[in-house]
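Trainee: Before we start, here is the structure in question, set down as structure tokens.
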Amino acid sequence: MKGNFKENILNILSGVSSGVVIALVPGALVNEIMKSISDVWPAAQSVLAMTTLMQDLLAVFAGLCVSYLLKFNLIQSGSVTAAAMIASGAFQMKNNQIILSGSGDVINIALTIFIAAIMVKYLTPRLGSYTILILPLAVAVLAGGIGQLMLPYTKLITGMIGNVVAGMTDFQPLIMGMFMGVAFATLVITPVSSVGIAMAIGVEGIASGSANLGITAGAFTLAIMSSKVNGFGTTIAHFLGTPKIQMANVLKNPKLFIPVSASAAIAGLVGAIFQISGTPNSAGFGSTGLIGPLTAYQNMTTGGPITIIFLILLFMGMPLMLGLIMRYIFIQKLCFVKEEDLLIEDR
């Protein structure tokens, strides 16, 4: 763990972002397809089980990615990873058995990794040859234990954010659409779970549809603004996977929230105008895994090719156009942000 405090914080955020991508993107890419073909291809259920397990191991991936960026050795990396998983909230004890139950709280995972990294840095030179014996236990129990104690309070933060978002659903529909688009587009690029918020407060109907369009527009905006400094795979991962891959960059440069919010507000407004709807289970995903557009299609009063083309324009054409406009305004015209601010691959 070398470098100054700011650099280490950035490494932790970058590592957690990478862990989120590793855990969630595989499921986002194939889960809906596997569900649709499971009746004709039974092995699809096994693929679903694998990708679900990857989601449950988000804390493990985050711990390993952060440890790599902090240049920890194997013992140190394993210790940090253990603490992250212990404090993640991704498992429950039932009848003396450990049951995995979701990805956990990303905020708490990041905080626990930070504590564990400090412990590793402090204890390693003092333990000497006893490091391999004592460090994993000490970090797992102390950092992991502290993380478990913090978990209820970090969940309170998520709850408070959820209450603020829930209040937006009382606005006039068009205003609500704009606010929901902005709220979820910004939440999805922070450590807060946009899906968790949506399910906790029961975002449904037009509010859910506007939220998904906002996330999609924000993801396309980040993808297009960063397309010249990131590879093609990384670029499309923003909207096919998750825009959370930009979490470290956005938190380092908060002004990046502005173009994201601008495009999300327009998309959310359009969603409200055309009454695009969704469910609590779909809100917060955006275009990830095609969950947003598929749910919108299921809730449309009419189906057929015309409706499909309409939704393609809403969930792809409009976000693409908004992304190009935001890049022109904020990068080329105003020079408000730089493409290098969104660089991912050189980390």
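Using the three backbone atoms N, Cα and C, a Cβ is placed for every residue, glycine included.
TrEMBL labels come from automatic prediction, so no person has curated them.
Pasting the feature list from TrEMBL:
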| type | residues | note |
| --- | --- | --- |
| DOMAIN | 11-342 | domain 'Phosphotransferase system EIIC' |
| TRANSMEM | 12-34 | transmembrane segment |
| TRANSMEM | 46-69 | transmembrane segment |
| TRANSMEM | 105-124 | transmembrane segment |
| TRANSMEM | 130-153 | transmembrane segment |
| TRANSMEM | 174-200 | transmembrane segment |
| TRANSMEM | 206-225 | transmembrane segment |
| TRANSMEM | 256-276 | transmembrane segment |
| TRANSMEM | 306-330 | transmembrane segment |
Trainee: Counting only CB pairs under 8 A, let me know which of 46-69, 105-124, 130-153, 206-225 has the most with the transmembrane segment (306-330).
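Mentor: Looking only at 46-69, 105-124, 130-153, 206-225, the most contacts with the transmembrane segment (306-330) come from 206-225.
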Trainee: Sequence-remote contacts (6 or more beyond its ends) of the transmembrane segment (130-153), Cβ cut-off under 8 Å?
Mentor: 75-76, 78-80, 82-89, 105, 108-109, 111-112, 115-116, 119-120, 123-124
Trainee: Over the domain 'Phosphotransferase system EIIC' (11-342), what is the model's mean pLDDT?
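Mentor: Its mean pLDDT is 91.
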